[in-house]
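Visitor: Sequence annotations record features per position, and here Swiss-Prot assigns active site to Lys275, Arg349 based on sequence analysis. Marked as Mn(2+) 2 binding site by Swiss-Prot: Lys263, Asp268, Asp286, Glu347. Here Swiss-Prot flags Asp268, Asp345, Glu347 as Mn(2+) 1 binding site, drawing on sequence analysis.
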Amino acid sequence: MSAKFDISFANSASLENALAIVLQASGEAQAVAGASEADPGGVIERASKISGFSAKSMATLDVIAPQGSSADRLLVIGLGKPSKLVAHDWLRAGGTAAAHFKKADKVVIYLDAPGVEVSAEAAADFALGLLLRAYSFDAYKTKKKSDDEKTPKKVDVTIVTAAHKDAEKASAVSEAIAGGVILARDLVNLPPNVLGPVEFAEKAEELRKLGVDVEILGEKELKKLGMNALLGVAQGSARPPRLAVMQWNGGSKKDEPIAFVGKGVVFDTGGISLKPGLGMEDMKGDMGGAAAVTGLMHVLAARKAKANVIGVIGLVENMPDGNAQRPGDIVTSMSGQTIEIINTDAEGRLVLADALWYTKDRFNPKFMINLATLTGAITVALGNLQAGLFSNDDELATRLAEAGEATAEKLWRMPLGKDYDKIIDSKFADMKNSSGRLAGSVTAAQFLKRFVGETPWAHLDIAGTAMGSPLTEINQSWGSGYGVRLLNELVRAHYED
């Protein structure tokens, strides 16, 4: 059960029966925001000396409010050195605060730490951190944890800051971003018997209420388009495939659209090339790329982004049955290129091959970025701390990397090249869908590159970051929602009117 926060901004607030949270930068001689109101007895200074608290980044000090304060509890959050503060630290501080709400139903947060410049954007980022940390997924638990049962469904949160008027306006964007990230997390966390291709497409259709144009292509339309690579993956499942096309037209009519394409394998058994049983339950998250694209479209529409954006997601289930695709099959993709199937567990690239070609052919976008939980090889290379970035365009790659640094959804650029491309040549078709273990993430990217033509393109392999990544101040969920904030920042920084 996710906590519900009613967040407001003000220049002062009543502390009666509240949890009071104050922020402190290191090296500020124990000065804290809101000290005169929340801590008239100076208990924070005394407790800091006794405990050795020095306001290091995201360190906390939790004390009972002193006599003379109308608050119930005091929490100090360290910000570290002011010179080292970056935008993402405000999200982390918000998440740290939310983790300490416990049973409080009223919280007052003094944001203006001495020695720290707090902008409206910083205050809004703090609020975003609160919202993201509040998320939890326990919809299918009939008995909640005892702490959760006692947690109030609604917490009144007042953020006290001199920038309160502008922060209130800026927080609307924070709410939009939180909504998109939470949508992506929900999609990844949902069980596969609940979220099939049809049900996922219905989730995409719900974006219409935000003004997104949504078109759903069924099996008949996909066959007519010649999407045999995508259809080949789906043919072993009793659940029919879908292609969801989402359009947000917030920019000028003359502006070229930008496009995001997501892999949406709602469950991946590996097909005939069956995966080991141990850990297969995690393959409900093999649609993390499609979840991120859907979450991004939510954000852009909710905040009324001034850009024309296309989101395309290929939705299939990869199952073994008597009609399933076989190793040795050859399929003709929408592009006309032929593909020899070597491994049916290299299915995501087949879905993306047709989805990318369709997007390029129909919309002629300024660029295309695809997201996919594509290869286990990328987790060997980068673990679950960064996603792999492959691109045929240096400017796009640089902008993506910068957005990754700004949002802490980090990317590491990986190589592409003719020598790698040769590895996926087939004896019997134009290419093969798998070339073995060596350079697995690179050859997968080379495969995708054959379906983008001259369009500037980037491929983000998010196999290590979309699910099961390390828990942070702003994410305590198995499904992380990775990519939503990253791509929203890319659009905001470079592609809005």
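Glycine residues also receive a Cβ, built from the backbone N, Cα and C atoms like all the rest.
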Visitor: Sequence gap of 6 or more, C-beta under 8 Å: which same-chain residues meet both conditions with respect to Asp286 (Mn(2+) 2 binding site)?
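Guide: Sequence-distant Cβ neighbours: Lys263, Val265, Val266, Phe267, Asp268, Asn318, Gly348, Thr373.
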Visitor: Out of Lys275, Arg349, which of these active-site residues shows the lowest number of other CB atoms within 10 Å of its CB?
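Guide: The active-site residues Lys275, Arg349 were compared, and Lys275 has the fewest Cβ atoms within 10 Å.
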Visitor: Can you list, in sequence order, the residues of the same chain other than Asp268, Asp345, Glu347 whose CB lies within 8 Å of the CB centroid of the Mn(2+) 1 site?
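Guide: Here the nearby residues are Val233, Val265, Thr269, Gly270, Gly271, Ser273, Lys275, Met283, Asp286, Asn318, Thr344, Ala346, Gly348.
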Visitor: If I take the alpha carbons of Lys275 (active site) and Arg349 (active site), what is the distance between them in whole Å?
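Guide: Checking the Cα atoms of Lys275 (active site) and Arg349 (active site) gives a distance of 17 Å.
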Visitor: Neighbours of the Mn(2+) 2 site Lys263, Asp268, Asp286, Glu347: Cβ within 8 Å of the Cβ centroid, same chain, sequence order.
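Guide: Residues close to the Mn(2+) 2 site, other than Lys263, Asp268, Asp286, Glu347: Val233, Gly264, Val265, Met283, Met287, Val316, Asn318, Gly348, Val351, Ala372, Thr373.
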Visitor: On a simple 10 Å Cβ count over all chains shown, which one of the binding-site residues Asp345, Glu347 is most densely packed?
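Guide: Buried the deepest by this measure is Glu347.
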Visitor: Fewest neighbouring Cβ atoms within 10 Å: which of the binding-site residues Lys263, Asp268?
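Guide: Each of the binding-site residues Lys263, Asp268 was scored by Cβ atoms within 10 Å; lowest is Asp268.
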